[in-house]
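Here's the structure, in structure tokens; my notes come after.
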Amino acid sequence: MLPLLRCVPRALGAAATGLRASIPAPPLRHLLQPAPRPCLRPFGLLSVRAGSARRSGLLQPPVPCACGCGALHTEGDKAFVEFLTDEIKEEKKIQKHKSLPKMSGDWELEVNGTEAKLLRKVAGEKITVTFNINNSIPPTFDGEEEPSQGQKAEEQEPELTSTPNFVVEVTKTDGKKTLVLDCHYPEDEIGHEDEAESDIFSIKEVSFQTTGDSEWRDTNYTLNTDSLDWALYDHLMDFLADRGVDNTFADELVELSTALEHQEYITFLEDLKSFVKSQ
């Protein structure tokens, strides 16, 4: 309520005070109700399905299958399959990359489901960057401006960008230890790539792990950069940049991750459609 009162111009003075006194305050329960969270993926066709004449059929109890296959067939499943068919068609229409984009800098790409690994060898060192696209799309901001009534539905939908955390491993030839740097994209830096001398990613943690170990040990010392001296932090960022992990790399990784996430999302919709449709 206070932010609304601060918006009243001082010039209104006592008139605004009288107006506030004449209007009853809303119940506290309404003020404490959480604001609705926006859907990350705008299912535009869902509202059409929900308001259709077939809605009443979805509430009917399932009837035995007439074909004798023993499977469950409902009007809800039929409507679900039709919705998924339309949704898959729309997602493929807006898909930017039919194949995954390539990274510059001689990086080799290995993909295993939602996990991707980039490998590069430079002067006796092996650099590995690993990331996972699950839960990599940040939530939309509530403060974004609402589209005007004249805008099309396609223009109203925000473009989804995948910004996953990624881990950089640097291993020396014949070395027993691997330097591990845990990196992420700060939310306040997303969308400000063009600002001079601004890093669009940051180092969160640094540690040493035994080369060849499949699992990292929690007993190894881990350096958190939140309380780190800025001079040491800058040297760590320069260390990564000298090995090809810089702002250009981070930009291309976002593009690669976004394409992979969208590809996996479409595959998930297709699998979901096949699962619901199967007899």
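Every residue, even glycine, has its Cβ placed from backbone N, Cα and C.
These features come from Swiss-Prot:
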- K89: N6-acetyllysine (MOD_RES)
- K92: N6-acetyllysine (MOD_RES)
- Y185: phosphotyrosine (MOD_RES)
- S198: phosphoserine (MOD_RES)
- S202: phosphoserine (MOD_RES)
- T211: phosphothreonine (MOD_RES)
- 74-91: region 'C1q binding' (REGION)
- 134-162: region 'Disordered' (REGION)
- 166-210: region 'Interaction with MAVS' (REGION)
- 1-71: transit peptide (TRANSIT)
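This view paints the features noted in Swiss-Prot onto the structure.
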residue : record           : DSSP (3 states)
K89     : N6-acetyllysine  : helix
Y185    : phosphotyrosine  : coil
S198    : phosphoserine    : coil
T211    : phosphothreonine : coil
Can you give me the average pLDDT across the region 'Interaction with MAVS' (166-210), rounded to a whole number?
85
Take the C-alpha atoms of K89 (N6-acetyllysine) and the residue listed as 'phosphotyrosine' and report the distance between them in angstrom, rounded.
31
Just give me the nearest neighbour of S198 (phosphoserine) among the modified residues K92, Y185, T211, Cα to Cα.
Y185
Taking each of the modified residues S198, S202 in turn and counting other Cβ atoms within 10 Å of its Cβ, which one has the fewest?
S198
Count the Cβ atoms, other than its own, that fall within 10 Å of the Cβ of K92 (N6-acetyllysine), considering every protein chain shown.
13
Spatial neighbour of the residue listed as 'phosphothreonine' that is closest, considering only the modified residues K92, Y185, S202 and their CA atoms:
S202
Quick one: pull the CA-CA distance for K92 (N6-acetyllysine) versus the residue listed as 'phosphotyrosine', whole Å only.
27
Whole-number answer please: how many Å between the C-alpha atoms of the residue listed as 'phosphotyrosine' and S202 (phosphoserine)?
6
Count of other CB atoms lying within 10 Å of the CB belonging to K89 (N6-acetyllysine):
10
